[in-house]
Amino acid sequence: MSPRSWPTRTLRAGAVAAAALLTLTACGDGGGEGGDAASFPEDDISMIVPFSAGGPTDTVTRLIAEPMGEALEVQVLVENVEGAGGTVGGAEAAQADPDGYTVLMHHIGMSTAPTLYEDLAYDPQTDFKTVGLVTEVPMTIIARKDFEATDAKDLITYLKENADSVNLAHAGVGSASNLCGLLLQDALGVTFNEVPYDGTGPAMTELVGGQVDLMCDQTTNTSSQIKDGSVKAYAVTTPERVESLSDLPTAQESGLDLEVSVWHGLYVPAETPDDVVAKLTEALQAALKDQTVIDEMAKLGTAPVAEDQATPEAHSAKLKEQTELWAGILPAGG
Amino acid sequence: MDLFDNLILGLTTAFQLKNLLFCLLGVALGTAVGVLPGIGPTATVAMLLPITFGFDEPVTAIIMLAGIYYGAQYGGSTTAILINLPGESSSAVTALDGHQLARQGKAGTALAIAALSSFAAGTVATVAIAVAAPPLTAVALKFGQAELFSVVVLGLIVSIALASGSPLKALAMIVLGILLSTVGRDGFTNTARFTFGIPDLDAGFNFVSVAVGLFGVAEILRNLHDPQHSGRIVGAIKGLWPGREDLRRSVAPATRGTVLGSILGVLPGGGHVLASFGSYALEKKVSRNPKEFGHGAIAGVAGPEAANNAAAQTSFIPLLTLGLPANGVMAMIAGALILQGIALGPSVIQDEPELVWGLIASMWIGNFLLVLLNLPLIGMWVKMLQVPYWVLFPAIVVFACIGCYSIRGNIYEVLGIVVFGLIGYLLIRAGCEPVPLLLGFVLGPFLEEYLRRALIISRGDPMTFLTRPISATLLGLALVALVIAVLPTIRRKREVVFAEEE
């Protein structure tokens, strides 16, 4: 059975109530709010994060939820619906009422899920409308602190020559660090011994302890270890250097054809009216100009995207391009 | 002296009125949510985490989160003792003897001993963190995948001693538990295992479904089968407070539990789970009266509760000294701190001394508040046991189902309660104990992951477990434990054989 057949969040509030009552509630919601774009929004908006509270994606979501709510003059409530690499929350958002009152925050995983999950309950490209990109979190190539290579160029030479003996850690299949690791091997034309962990925390612990050699992960996860020297950092994976880690070269300036970031974006169900989407996009753009958002994102080693990226068009282009890219690189799932 | 200055700094921070209030609020909220059947510390912290997102000072946020964590842990022990429903794996052990004590009318004693042992362990572990954080972290980092695998093997073998019945049945239950834990999507290959194409099984069985089913529903079914039990849960209540004798008999187990828990808590992964199971096994081994275990041994409450709380405390060590979370709860707390703009890592202790020492001091204060809050409540909890069984248990199961459903909104997890209830009932009828099954279920994923990862890193060479000295030592200990666990049975069998020959 697919997750579609299970009650959505509206119903969940009354988990013990009778089914008939629940149906009434759902109809009530639909009738009252549906489609009237001119008056949108009249009620609080719920923003689904398909990952756990306190994680990097949750952090970013909570940052923009408040200023978006101010722009729309309602509350934007963040809900964590975690599980199965973000596909549980994705499925829930896909079948929500298409009225703009349920918004999904998702990251790069939206473009990898169709390849990784054969039985995915939704199609990211056709079951959703894109609202706009939010942030692109840079990634860093790091190694245990006593790793032989001295700088990025040296690292590239070393990795090519000693690929067989390198243990590459990542945070599990489909995680950002897994994706970056795959691109890195692709760019170098080598294969490392991949060691999957259950999340970034344990992977980082092992890297700090010197049990594995190499990892590529988001600045949100690696900045503090880089700054205090418990791991050795070589390069960032963005086209430009990252302000908070300005002495790290980009992979490209070091001669490695590698560009990847963990992009985040907002989605609504596909049937949502365009003018409702436009209002959400406008609110997103306003939130990304908020000084608190800019400052807090800087602390996480990232920044809001430029305004021309926080649009449905730029976002759907990104989703399409990335879905094709990952379909070619990732092993198909079961 | 540095340590002294640091502790003073910590105490001044923690005793600020605002921090004190949020510590109390955290402890109270944590207890209130944690006492719901089937909801353990991890779920409680996840649910209450967003409260702290709006705080201006990070130290207040972390103090409150720590309070929620301890509160939830204690709340979980309360349900384990009163109604035999552990909210998290670590309190499954407390349920063993704690609930037996409750049935004997000594629920008050068990609750008080649990609170006092936790407090004593918390006090010692707080000092341990202040003194020994850096060296302990250095030791923890020496533990690679091979060592962690060996720790889990040792833990599983030692826990066979947990079972009061035959070691063979205990082993079978552990293996069954490990098998159940393999259901779900495999993180190494993204392959769905034993899910029969049901996407809702992708994340595997939920601990709450398994625990509530095996312990709660199975118990109800057994009582339906066997109507003489179906009155009240407990006999006459024999006093709310532990007597001098109970206290005296708790001191040594609590001390041993504290030491064991403090060490295991620092290890990543299953350390805190092993702490309470390990302590129970240890107490049973050293006891002059091992037969008493499983039938209301006070040492079986004092030891594991102390170990559990000490481990909860020392699991902050890797977070504070390296910025590395030791378990899921710590990962959530780390996330909240990053949001507060704290750069976690070795330098955090220099950069944010108020935060670190304030937290350490508030751990102790939090434990103290927990005792103050809970001791007066014991009378109320115990009264709950006088509600007739046929009213109380269905109500508990309904609450457990609601709790289970509200965490992830997955109906399969509620159905899981029913299925595991039936399995638990059949197992009890067959004379098998559910505790080793639960232990296998909890530690199975660690066992598998550590094994596979160690072998990936060694490129398939199994000698890695024997050539690494720490790992080899742990496996050696496991072998010794196995021999000790099996010997009495062999001896008994030989006696039986000899008896027949005569």
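Even glycines carry a Cβ here, placed using N, Cα and C.
Per-residue confidence over the domain 'DUF112' (B:20-439) averages out at a pLDDT of 79. Here TrEMBL flags B:20-439 as domain 'DUF112'.
Among the features that TrEMBL reports, transmembrane segment is placed at B:20-39 (among others).
Summarising the annotation, TrEMBL assigns transmembrane segment to B:45-70 (among others).
Annotation comment: TrEMBL describes B:110-133 (among others) as transmembrane segment. When Cβ-Cβ distances below 8 Å are used as the criterion, the transmembrane segment (B:110-133) is approached by residues 3, 6-7, 70, 73-74, 77-78, 81-82, 94, 97-98, 101-102, 240-242, 246-247, 250, 253-254, 257-258, 261-262, 265, 298, 301-303, 305-310, 313-314, 316-317, 320-321, 349, 357, 360-361, 363-364, 366-368, 370-371, 374-375, 378, 381-382 of the same chain, each at least six residues removed from its ends.
The annotation transmembrane segment is assigned in TrEMBL to B:145-163 (among others).
Residues annotated as transmembrane segment in TrEMBL: B:329-349 (among others).
Among the features that TrEMBL reports, transmembrane segment is placed at B:355-375 (among others). Within its own chain, the transmembrane segment (B:355-375) has Cβ neighbours under 8 Å at 6-7, 9-11, 13-15, 19-20, 23-24, 26-28, 31, 58-59, 62-63, 66-67, 70-71, 74, 78, 111-112, 115-116, 118-119, 122-123, 125-126, 129-130, 309, 313, 316, 320, 342, 348-349, counting only residues six or more beyond its boundaries.
What TrEMBL records for B:387-405 (among others) is transmembrane segment.
The transmembrane segment annotation in TrEMBL covers B:411-428 (among others). Cβ atoms under 8 Å from those of the transmembrane segment (B:411-428) belong to residues 173, 198, 200-201, 205-206, 208-210, 212-222, 225, 397, 400-401, 404-405, 434, 437 of the same chain, restricted to positions at least 6 beyond its ends.
Cβ atoms under 8 Å from those of the transmembrane segment (B:471-490) belong to residues 146-147, 149-151, 153-154, 157-158, 160-161, 166-167, 285, 464-465 of the same chain, restricted to positions at least 6 beyond its ends. What TrEMBL lists as transmembrane segment is B:471-490 (among others).
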